[in-house]
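Asks: Can you keep this structure in mind? I'll have questions shortly.
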Amino acid sequence: MYKIAVAGTGYVGLVAGVCFAEVGHQVTCVDIDEDKVNLMKSGVSPIYEADLQELMQKNYAAGRIDYTTDYQSAYKDADAIFIGVGTPEQPDGSANLSYIATVARQIAESVEKDCLVVVKSTVPVGTNDKVEQFIQDFLVHDVKVEVASNPEFLAQGSAVHDTLYAERVIIGTESEWAEDILMGLYEPFHLPVVAVNRRSAEMIKYASNDFLALKISYMNDIANLCELVGADIQDVAKGMSYDERIGSKFLNAGIGYGGSCFPKDTKALENLAKQNGYELKTVKAAIDVNNGQKTKLYKKASKRLITFNGLKVAVLGLTFKPGTDDLREAASLENVPLLLEQGADIYAYDPVGAENFAKVHPAGENGKGHITYVSNVEEALEGANVCFIFTEWGEVKAVLPEAYKTLMRTPLVYDGRNIYSVDEMKAAGVEYHSIGRAPADRVSVKESKNVELQTVKS
Ligand code: UDX
């Protein structure tokens with residue numbers, strides 16, 4: 001078992017640290033925020049993530065994980081130091097590497113024995129070469145330090161599971177020594193490992209994320225066309241999904257992708273290409289489609305209602321996806337200000353994201369509009385003139401079509417997540433608008449379609 005230090009206790013660092021402890025390694029997580037460190041020591045997770053808090057408590061009690069602000073003592077005799085600090089997007093779309101540089105400098109000044117530095121943060125291709133050089137330049141003791149790339153592929157909401165049961169682990173190294181250490185670190189996970197060079201590992205991360213973003217944008221593009229020609233995107237997606245080359249995942253059309261990765265990583269890769277004199281047209285197209293998609297329903301509703309001024313607007317779901325309290329790049333952040341600007345009286349519901357949203361848009365008067373946070377869907381819908389669905393939380397999916405008809409003043413629903421069947425909503429008397437499907441006033445000719453695979457009888 002190895003002695004590991006982890007720099008940064010955000011999604012990437014904390015989840016990695018906890019999972020390494022869970023498989024038996026000795027882990028120290030480092031963060032500059034003393035309050036956060038004390039919170040973690042007391043067994044509380046600073047982020048909302050399934051299973052994380054339980055594993056933090058279990059491994060802390062077993063003495064396998066600790067938290068500190070004292071990076072020197074954590075780094076000085078570590079076998080491996082994982083860097084999981086943020087690489088936020090800069091105004092030009094490139095990644096801000098200042099946090100990585102700060103940690104690299106601290107490592108160089110602290111390490112007193114040979115050690116592998118493993119970069120988990122998403123960094124532009126070639127960054128790890130620079131990090132290694134940077135550490136060499138500032139190294140205080142006469143020890144060997146190499147840098148390896150080990151990108152993570154965790155999705156928020158299932159981060160612990162995604163790490164412990166990853167479909168593949170990517171390790172990018174420039175020496176056998178580094179590869180052996182990483183193999184040893186991952187040995188107790190019993191997962192498939194792909195060992196490549198450092199630059200390829202860095203590229204695998206971007207290429208994977210951007211491919212998924214492209215897949216979503218492609219489906220959104222097709223969905224927009226479906227609406228115009230009278231096809232149904234969900235049936236189309238289902239029909240496509242039986243081709244194993246396409247697969248069934250990430251085919252859901254909606255109000256675009258959000259979160260901390262896809263928006264940032266698409267822009268970063270496009271930027272990397274630009275810096276190298278190349279135009280990455282496919283990724284640029286994915287970004288363009290996504291930008292248009294986020295406010296698609298708002299624009300549609302604006303035409304239908306003329307104005308939102310004084311209307312009671314129910315907003316169901318604020319986070320960028322269910323299972324997280326994260327609002328980064330969420331469609332709600334674009335749509336709610338547009339509604340408030342028009343003087344809407346918003347009643348917003350989100351089972352975990354409301355608190356974070358209220359930090360941006362406090363309850364009460366908001367410009368020309370007003371916002372109230374409610375604790376259940378019914379309160380949001382009661383007497384509403386229109387409803388927007390931005391996140392497919394289980395609590396929202398559980399609402400029966402009839403509830404919109406009974407509770408709302410006008411049963412007018414704009415669903416950005418295609419939660420309901422168009423026919424069911426029509427049957428319940430709801431004017432239902434969704435993405436890539438027949439609009440409320442032009443509901444399908446056939447009442448119900450069967451897109452399950454059938455065997456043709458001879
Ligand atoms: C993603 C990747 O899945 C993960 O591998 C990577 O490490 C980080 O980025 P995450 O951002 O947590 O993870 O969420 P994900 O579940 O991938 O969803 C991203 C966005 O795409 C969400 O806004 C989601 O609603 C949207 N999405 C996803 C769709 O619109 N349609 C889909 O079919 C799937």
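Yeah, the Cβs are placed from backbone N, Cα and C, and that goes for glycine too.
In TrEMBL, annotation is done automatically, which means it is predicted and not curated.
The active site, nucleophile annotation in TrEMBL covers Cys261. Marked as NAD(+) binding site by TrEMBL: Asp31, Lys36, Thr87, Thr122, Lys264, Arg328. Per TrEMBL, the feature substrate binding site maps to Lys205, Phe250, Leu251, Asn252, Ala253, Gly254, Gly258, Lys321. Annotated domain 'UDP-glucose/GDP-mannose dehydrogenase C-terminal' per TrEMBL: 314-422, in sequence order.
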Asks: Scan Asp31, Thr87, Thr122, Lys205, Arg328 for binding-site residues whose C-beta lands under 6 Å from an atom of ligand 1 and note them, or write none.
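Replies: Once distances to ligand 1 are taken from each Cβ, none falls under 6 Å.
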Asks: Using Thr87 (NAD(+) binding site) as the reference point, find which of the binding-site residues Lys205, Asn252, Gly254, Gly258 has the shortest Cα-to-Cα distance to it.
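Replies: Checked the binding-site residues Lys205, Asn252, Gly254, Gly258; minimum Cα distance to Thr87 (NAD(+) binding site) goes to Lys205.
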Asks: Considering Cα atoms only, can you say which of Lys36, Lys264, Arg328 is the nearest neighbour of Gly254 (substrate binding site) among these binding-site residues?
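Replies: Spatially nearest to Gly254 (substrate binding site) by Cα position is Arg328.
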Asks: In sequence order, which same-chain residues at least six apart have a C-beta under 8 angstroms from Leu251 (substrate binding site)?
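Replies: Looking at Cβ-Cβ distances below 8 Å from Leu251 (substrate binding site), excluding near sequence neighbours, one finds Lys215, Met219, Ala237, Met240, Ser241.
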Asks: Which of the recorded positions listed here (Lys205, Phe250, Ala253, Gly258, Cys261, Lys321) have a Cα atom within 10 Å of the Cα of Thr122 (NAD(+) binding site)?
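Replies: Checking each Cα against Thr122 (NAD(+) binding site), the hits are Lys205, Cys261.
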Asks: For Lys205 (substrate binding site), what residues in its own chain, 6 or more apart in sequence, show a Cβ-Cβ distance under 8 Å?
Replies: Thr122, Pro151, Phe153, Ile170, Asp265
Asks: Pairwise over Lys205, Phe250, Leu251, Asn252, Ala253, Gly254, Gly258, Lys321, annotated as binding substrate, what's the top Cα to Cα distance to the nearest Å?
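Replies: Looking at Lys205, Phe250, Leu251, Asn252, Ala253, Gly254, Gly258, Lys321 as a set, their Cα atoms extend up to 24 Å apart.
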Asks: Within 10 Å of the Cβ of the residue listed as 'active site, nucleophile', how many other Cβ atoms can be counted across all chains shown?
Replies: 26
Asks: Between Phe250 (substrate binding site) and Lys264 (NAD(+) binding site), how many Å separate their Cα atoms?
Replies: 18
Asks: Compared by Cα position, which of the binding-site residues Asp31, Ala253, Lys321, Arg328 is the closest one to Cys261 (active site, nucleophile)?
Replies: Arg328
Asks: In angstrom units, rounded to an integer, how far apart are the Cα atoms of Lys36 (NAD(+) binding site) and Gly258 (substrate binding site)?
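Replies: Between the alpha carbons of Lys36 (NAD(+) binding site) and Gly258 (substrate binding site) there are 26 Å.
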Asks: Relative to the Cβ of Lys264 (NAD(+) binding site), which residues of the same chain, six or more apart in sequence, are found under 8 Å away?
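Replies: The answer is Thr87, Pro88, Glu89, Ala95, Thr122, Glu329.
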Asks: How does the domain 'UDP-glucose/GDP-mannose dehydrogenase C-terminal' (314-422) divide up by DSSP, counting helix, then strand, then coil residues?
Replies: 34 helix, 24 strand, 51 coil
